[in-house]
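A.B. asks: What Swiss-Prot records for this protein is below:
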REGION    80-213  region '7 X 13 AA repeats of [GW]-X-X-M-X-X-G-X-[IL]-X-[IV]-X-G'
REPEAT    80-92  repeat '1'
REPEAT    99-111  repeat '2'
REPEAT    118-130  repeat '3'
REPEAT    144-156  repeat '4'
REPEAT    163-175  repeat '5'
REPEAT    182-194  repeat '6'
REPEAT    201-213  repeat '7'
Amino acid sequence: MSEIILTPKEQPEVPLEAPNIKPDVFAGKSIDEIKNIQIMHGNEVVKLGDFFEVSGEPADAPEDIKIIIDGDVYNTKRIGQEMTAGEIIVRGNVNMYVGAGMKGGKITVEGNAGSWAGQDMRGGEIEILGDADDYVGSSYRGDWRGMSGGTITVHGNADNEIGEYMNGGKIIIKGDVNIMPGIHMNNGLIIIEGNVVARAGGEMAGGTIVVKGMMQEFLAGFKYLGVEKDIELMVKNSPGAFYKFEGDHAIKGAKGIVYAAVGCNGHIAP
């Protein structure tokens, strides 16, 4: 796989909008042509080479390209938006909308990610080694269709409303989550290995949420179905005993499932 290395020259005060940083756009271009790719700096159209040193070996096909962003880009948005193939590695933090609308390939963020990581994601893989802000795998504002495919893994903590309006795919949070994971969820799988502050699965109609830590508060619209052991979800086993709930019955005909680890959640047991 050919590697193209982007080294940030500076951190702009006004954020960059860079949906063209993806293998699909870099494919078939020379290094000089890649430097001339357009991105947005506020309301100005600028060149990628104005803000990044560019080096490496180009390739003709997106699946043969690995883009390495060698440094922090905490003020650059939309990296990897709608990418279909290839790989992006960010050696630092990244701003909002990383991998939004992604259809294939892989993005690895070695630091933290801003809000809306994997928004409306349809395929591929996003791995965030640090923390993620709000709305991981969510919908666009005003839309009712969120992430529908692919996998997002966050090795740290995530903030509010992950998987909002989720329609498919899988989100794995290795740490803790704040409020309302899986709000308005319709399908897919969310696995939270840490704790949840409150309101998991609010107004969910379908899909599955697994909480291996403690849920500090739980909603009244869920029906207790009993205890299950060693549940198996989308190939991966989750060993141990779990309380099983169906809901949120604030929504007519809701069939969502929430599993909560027995060892951490005696306070919500009937």
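Backbone N, Cα and C atoms are what each Cβ position is placed from, and that goes for glycine too.
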A.B. asks: Taking DSSP states H, G and I as helix and E and B as strand, how many residues of the repeat '7' (201-213) are helix, strand and coil?
C.D. replies: 0 helix, 4 strand, 9 coil
A.B. asks: Are there 3 or more C-beta pairs under 8 Å linking the repeat '3' (118-130) with the repeat '6' (182-194), counting only pairs at least 6 apart in sequence?
C.D. replies: no
A.B. asks: If you run through the repeat '3' (118-130) with DSSP, how many residues end up as helix, strand and coil?
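C.D. replies: With helix first, then strand, then coil, the repeat '3' (118-130) has 0 helix, 4 strand, 9 coil.
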A.B. asks: Using a Cβ cut-off under 8 Å, which residues of the same chain at least 6 positions beyond either end of the repeat '4' (144-156) come close to it?
C.D. replies: 99, 102, 112-113, 117-132, 136-138, 163-175, 184, 187-188
A.B. asks: Work out, from DSSP, the number of helix, strand and coil residues along the repeat '2' (99-111).
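C.D. replies: Per DSSP, the residues of the repeat '2' (99-111) fall into 0 helix, 4 strand, 9 coil.
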A.B. asks: Per-residue pLDDT averaged over the repeat '4' (144-156) comes to what?
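C.D. replies: Taking every residue in the repeat '4' (144-156) and averaging pLDDT yields 97.
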A.B. asks: How many helix, strand and coil residues does the repeat '5' (163-175) contain under DSSP?
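C.D. replies: When I sort the residues of the repeat '5' (163-175) into the three classes, I find 0 helix, 7 strand, 6 coil.
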